[in-house]
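Quick notes on the structure that follows.
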Amino acid sequence: MDGNTVLLRWEEQYFSLCEITSKWRKVHLSSLQGNAPYDRILSQHENLKAYREKVRNLTKVFSQLNNEEKLNGFVALLKEYQSYIDKLTSYLKNTERSYIEFFNRVKDITDPYPFMEKFCGEMERMLKDVERMHAYKALEKEVHLLQTEMVGLRGQEVTKGSLRRQFAEFERNAIRHAEQSGKDVTAEYQTLLSQSPQWKYELQKEVQSIQYEIRKRDKTIKDLKNHVMELCTSVEEVEAQQGRDMARFTMELEASQSNLLKKEAELQRLLVCRDHDSHANCTECVSIAALDASSQVFVDCKGVNANSNPNEGKKIPFFQKDAEHDAAMWEEEKLEMKQQEEALRKELFELRLKYDELCTVNDNQRRQKEESLQLKMVRTGELQHRIASINVYVDQLKAEKEQLVRAVQSLDRVLSNYPTNSSISTLNDKASSQRGEMASTEVSLTKGGERKELELLEKDGYSFERLLASSAMWQGGVNALDEENGEQNNAVSASQLSLPQESKKDPFLIVTFQRDKLRERLLTLNEVISPQLQSMKSEVVTLFSENFALRQRMAGYAGGNAHPGNDCASIYGFPMLGSMEKDDGLQPKVGIPWLVDPVAGVIPCRTVLNVLDYGAGAFSLHVFSTTFGRRLLFMYMVVLHVYLVYLFFL
């Protein structure tokens, strides 16, 4: 975005902000936020509420008066209503005045929300522009660095020397990494073997504890069953005792009711017997017959009924006293019987309540026991499932142990095929001696053009030997190379013997013939070593894939807590494969396809370009062997570099 455009946009926003600020300054928002108007309106509201209550009370009192009093008090009530209406009118006017004042202050204010929203959008766009500017500056720095790097790449001799040193360092790091990985895997395998008895003992101990817990739970279940049986027996006994008590109480109640019916029948019979007597005497006889069931009283009453002599009426006061006494006793006995009946009924009701409560408690206990039994069964099933899963886990551990043994054996076999320092030094000495002989021969026997061609062959031979040193099947390659070097020397001597007699006298023809033979031999060696190079690359990839898979399997022992990114720091408390402190460029990488993310541990862009340049030069050993071919290869590498830089900036 142009700077003038940004300045104009910010000036426009600034003017809008100044206008909104001036309008809000005129409002005096702090004065509108004061508590005085609110307190005044609230006090008027409270006064109106009190006056309304007063008018309501006066109206209630007025409604209870008669017509004359209403006529006399109507004027006072009307005045109260008029004063209440005046207060309402003043309250409404005050409220209306406050609202109009507030409206007059607020009506001309510009709504700040559109400006604020627009201002936020401008700020977001400005932040994006700033971010783009920072990104542009970072890209400019990267372009400058890449231009500097391209200037440094123009010196082919320096680049080739650095490439050779880097490739040699890669080879040493690969060998050292493979040896260290083999040692680490062996140590981890030994650690796992040493830890396996302890794990087995812990698993056996856990299984024994689970079995003991199962037996303990079975014993608890049996005890609970016995306790439930005892509770059921006690409940049955209580129910039988309650049935017997209820039967006894029922019999007692029926006996008391039958006695009461007998006494009432006796009273009726006595009333009929004394019906012909006076009303007072009949009442006394009825009282005596109801209270005293003895035969003497009945005989006396019968005698009274039989002998209606008025002279015997002198005994009535005596019977009257006894009748009153017996009537009081009868009332007391009747009241006591009613009280006993009520007590029996209450006791029966309480027994029924206790019986219902016991039934409810027994049902709840039985339900709880059933639920606990179900929970115990579920827990037992879970424990059995856990034991089965532990057995499966033990089998998996055994299988993983066997796989680890096989992986360690395969790593041992691979490590046994890696070259030693002595074999590498021997091969390098032979190659350097061969180059020295070739260089001395070419310098002494050829002209300027042939000397340049020999220098190219010397450089290519050096690269070819460096490629030979990177083979994973080094031991077999060294033996084959020794045999082939011997065969080459024999072939050179044989070629010298097989030369024509006329060619032996011409040194130029001898050199040309030897150069052709050496070139053919180098091509043959290239064809022989190419499969070994491919097998070395595939074996390195396989080795690191097996190492990565081994890390993942060993991380699986920790229950999935480990992650391939943390190098499996620890499993069950002991350290696993340690993370490498230095990246040698041969570990399996995960990144973007351009391979230019050095933050994530991917090979840097410069290293990728150098390796591609060196690999293309080595691959074109027998293709671009002339000066034109080398120039064409150089142009190809320049185009490749430009294309990779273009991909980097996408």
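Even glycines carry a Cβ here, placed using N, Cα and C.
TrEMBL annotations: computationally assigned, not manually curated.
Per TrEMBL, the listed range annotated as coiled coil is 320-354 (candidates: 145-179, 320-354, 495-529).
Across the coiled coil (320-354), mean pLDDT in this model comes to 76.
Here the domain 'Cux N-terminal' (15-122) has, by DSSP, the following mix of helix, strand and coil residues: 96 helix, 0 strand, 12 coil.
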